Structures are given as structure tokens and as C-alpha cells.
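A short write-up of the structure that comes next.
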Amino acid sequence: MALRRTMRHALLSVALSATLLLSSSWISVTEAKKHKRIKAGRIHEAHEPVHIVVNKVGPFNNPTETYRYYSLPFCKSHATEDEELEHMVNEVDDDEAGGASSIEHADHRMRKEGAERHHQRLGESIMGDRRETSPYEITFGDAVDWRLLCSVTLGEEELTSFKDAIHQSFFFEMFVEDLPMWGYIGDIADEDYIIGEVEGSKTFLFSHLHFRIGINDGKIVSASVSTDSRRKVDITDVTKPTSVKFSYSVEFEEDHLPWRKRFSRYTDSGFVPRVFEIHWLSIINAFVLVLLLTAFLIVILMRVLKNDFARYMDIDEETMEEEESGWKLIHGDVFRFPVHNTLFASAIGTGTHLITATMIILILALTGFLSTTVRGSLLSGSVVTYCLTSCVSGYVSTRLYLQMNGKNWVRCALLTASLFPVPVAVVFMWVNSVALAKRSTSALPFGTLFTISCLYCLLCFPLTVFGAIAAKNYAKKDFDAPTRTTKVQREIPSEIPFYHSRFFQMCVAGFLPFSAIYIELHYIFASMWGHQIYTLFGILFFAFILIVIVTGFNTVALLYFQLAREDHRWWWPVFINGGMTGIYIYAYSFYFYFHRTGMSGILQGSFFFGYMAIVSFAIFLMLGSVAFHFSLAFVRYIYGRIKCD
């Protein structure tokens, strides 16, 4: 009865998830149509309004510590035509052409009296974007030499907020048709770069922005913003009210860059550090190194196994007991199931699920079905792909659990459904609480939280249970070990050299796979925790395949040495050895944080180390499951080729 109730609840959940899946499919189709229009590029008519969207501000060294653009007292509305004319009359050195350009297309402009929130995609909200309208009035193809945005008098509170932001190297982010633009808010003159602000230094606020927009056949293919060091306001003394005239200029230029390659310019941006110059050379060097080391291990392993097979298959039965030693001696214990089999099966299922989702995401990114240039699409695609492939974890873990003579498969399914999401939720609650306390845009809004919760409760969890039910009813439940397991467990030799110890093997196990991705890891970190836009997914896919192969071969080699010293407890060690690369990556994150970046503060530190712990845990589970599948195939092969009683 309990099983029937469980199945009824699971089927009901699956029905609900199917409803959500249909809704998600409809949304996906709608988004796909929008993406198709975006991918083709919007063709602008002459004098058509071009919208500048403001996003956020924050310290340059702390990319995650971001705040709403209007958390600083920027202009929310445009100056009226009368104010512009009055200012131009009062300006002695004002250019007459610039004034004409400012008024010529005034009838095409739309007055904006305040900032309005933009509708955002799921991935944009997760990334901390909070897009809002701006008062900049730009029309397609119309250059502007100078135009007044607004004229304000800043009091002590507003000046202090600007000054503090400038001293923390705040940058701003804007968008023109999803093309990001960055710039600094101000600058400090006569500053000591070692000890910081010194007596006599001055703080300047940039009051003028120059937009440079590249067009090709009526499409906007490039965009950048720059500040004018000649037009800046001294705000060193915050006690004295200061009048500031915010202004802007616009330049349109012909650009032969194709629409589909419009994001390629960002790897060479002056605002973004140049680090891609030796990318290919470093990857090739790492590949050659790993290839040689892996070939070296394979040659040695095959030679040793060949000798072992010849010795074990040609030995006389009378001298079997005297000559039998090494890995064949433990043929009656090598398929003895591990302790904590529920946790082990759940870890293998979750790791297989994660590696399946990762492969799908990389393939979608390479084939173009998942746009890597649309902001946030990769994150939202990852969330949806993880949910839709949840049945993999339920099926794999439950099948393995039942093959290991497990009795409570429901507990295994529940543990599988929570093994990865629960740590993610714990870390998220901490970092989101810190972000809320700091009023940062990194804190997810309620709508995004509700969407993710519904995806897990109505899609991810039911599909995991559905996969477990499918494994319970249809999967093969016999382990089919090539040798029989004895009733009495064999003792394991206690005296072993230090280089055969479990700790030494764990350290060695993660080194070779980590060396395969060390160079690529730097670029991924720079993209995740910096201002770079990662576009080399072909190399990333290559590095992912490389680390999977190296992890499998490396773990098999270490497994052979473990079996040769008559240690039959290989299940957990193999999984941990394979996942050690995740531990190495987390250790590297400390080096990257303290020696390769200027990050600081509890908010940035919480996000960096919290989410890097989740990423490292995911890699630990993925490569641990890879190591287990490789090792199980290896153990089945060698023990299936020898003669055993």
C-alpha cells in the first residue's frame, strides 16, 4: 500500500510537472522567436529612437558587488528644450553646429520623466541585472556634438555618495540593444596608488559621456561609451553645494563588423584586460603534456596487465595457493558492495546527471541553439537543462542501489533529489542574505526565486522520482559480477609504503586532470568573476572532454595499484580520487582570489567562495562518477578474463 501511495503521489507530481513543462515549452518557443528576431538583427529607420538602457554600478574589483544605477544621484529625466537653449545662450564657447544638431531632430525625441524597470529574462535576473530606462535621447544616424542631459545642484549627501563611489573605483554599465558599455564614474588626481588618498588629492566627477555607435546596413553592431577628462567637476569639498551639468554627445560611424560577430570586439576592449593572446598556445601545450603523460600510463598499465594475465592463466592448480598473489587474490572480495550504499548510489546518480546536463549545454552552445551572446541565456539554459535531465539521476542512482541489494529505494530517490540542490540552497540563502543586507542587485528578486522554486518542485523533483520509478520497474537489478563474493571478508594488509597510502593517492589523483585544465581555468575564472565575455566554447568543450578522459585513465591506473596491494575496498576511493580535481579547483580559487584579483569585502567574498564551493562540489560529483564508471568497466574486464573457482 505504501508503495502504491508513493507511486500515485509521484504520478501526480509528474502530471503537474508535465503541465509546467508545457508552459515552459510555450515560453521557450516565445523566447526562441524573440531570440530569432534578435539574432537576425533589428533594422533601424533614419531618426528612429535608439534606447540607452542603464543597468548597475559597482566597484571594478568586485564584479558581484553591484547596485542599481540610480542608487547614485544620476539624472532620471532629460532637460527641456528651454533649459537646453538657456544653457547654450549662456555658454560662450559653445559650438553653433552642436547647438543645431541638438535641436534639429527634437521632434523625434520622447521625454522621459522617470526611470522604468525593464522586463528581464531569468538568466539576467540571476546575474544581478536591474535594467532601467535612461533619459538619454538618441535617434538613429543623428550625431550630437553636445546636449544637456540635466542641470542639478548636488548637496552634501549626493556629493558624498559620488565621492565614496569614485574612491572605490565604481564603474557603470549600460546597454544598447544588448551590447554592454562600461565606464568609470570619476577619477582622483594626485592619488598615491599604494596608500590611497593623500592630503591635497582631488576628486573629480565625470559629467559628460560620449557614445560611439557602429552601424552596418541599418543595424547596430558595436557600441562604446567614454568620458571626457576635460569636462569634469571637482567634488573634493562635499560640504559646499556644487552645480553639475550632466551632458552627452553621440557619434555614429560605419562599421563593417557582421551582426553575428558583434560580441567579438569585447575580447579586445580597453576596459576589459587583455588575456586571450596566448590562449591557443597554452591549450595546445597542456594538451600535448597530458597526452604524453596519459600515453605513458596506458603503456605501463597494459604491459603489466599482459604479464599478469599470462601468469594467472597459465599457473598450475597445485601451486595456485602458493603462487596466487596481487589483484587476483582478492577476486572473492573485489565486488563486495561499499558501506553507505545509499549515499554512494545517490552520488553516482547525481554526478551522472550533472555531466549529462553539462554535455548538453556545451553542445547547444556550440551548435548555436543556445545563444552565448544574449545576456543570461547560458545561465537560464543551464537551469532549465538541469531540471529537464533530472530523470537521469533518479534512474542511475536507483538502478545502482537496487543492484547493490538496496531495500529502501524511496530513500535513495529522495537523497538523490536533494544531494546537489540542498547545498546550493544553503549557500544561496547565505549569499542572498548578505546581498539583501548590502542592498545589492546580486540579491535575487522574489519573482526569480518563485520561478526557480517552481522549476525544482514541479519539474526537477518529480522527474527525479519518475526516473527512480522507471529504474525500479524496468531496469536490470542483477549486478552480474564476473566472480562470486565470499561470505567472509578478507583482511587488508596494514603495512604499506607511504606512496601507496590513501592520502597520497588522493593527492596524485587530482593533479594530472587539474594540470589538463589549469590554463583554461584561468580564462573561465576571469569570465565568471571579472568583466570578460567568454566566447571560446569550442575550446571549453575540448578541455571538458580532455579532463573526462584523463580522469578515467588516471583513476584506473591508481585502482590497479590499489588492487595489486590486495586492497579490495575500491568503490569509495575511486569516487573520491576522481573527484579530487574539484578539491584542487577550490584550492586554486583561493590563489586566484588573493593573488590574481583585487576582490575584497564580505559581499564579494561570500559570493566568490560560496559559489566556487558549489562549482567545485559539482565537479567533484561529475568526475567522481566518471571515475567510477571507468573503474567498474576495468574491474569487470580484468576479473572476467581470468580463471577463478
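Heads up, the Cβ atoms here are built off N, Cα and C, so glycines get one too.
The signal peptide feature in TrEMBL is assigned to 1-32. What TrEMBL lists as transmembrane segment is 280-305, 343-366, 378-397, 409-431, 443-469, 503-525, 537-561, 570-594, 606-639.
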Quiz item: Do the transmembrane segment (443-469) and the transmembrane segment (409-431) share at least 3 Cβ pairs closer than 8 Å, excluding pairs fewer than 6 residues apart in sequence?
Solution: yes
Quiz item: Most CB pairs under 8 Å with the transmembrane segment (343-366): which of 503-525, 570-594, 606-639?
Solution: 606-639
Quiz item: Short question: which residues 6 or more past the ends of the transmembrane segment (570-594) have a Cβ under 8 Å from it?
Solution: 334, 337-339, 344, 347-348, 351, 502, 505-507, 509-511, 513-514, 517-518, 521-522, 525, 529, 547, 551-552, 554-555, 558-559, 562-563, 605, 608-609, 612-613, 615-628, 631, 635
Exercise. Report, as numbers and ranges, which residues of the same chain sit near the transmembrane segment (537-561): CB under 8 Å and 6 or more residues beyond its ends.
Key: 279-280, 283, 287, 290, 294, 297-298, 300-301, 304-305, 327, 355, 358-359, 362-363, 365-366, 372, 500, 505, 508-509, 512-513, 516-517, 520, 524, 570, 573-574, 577-578, 581, 623, 626-627, 629-631, 634-635
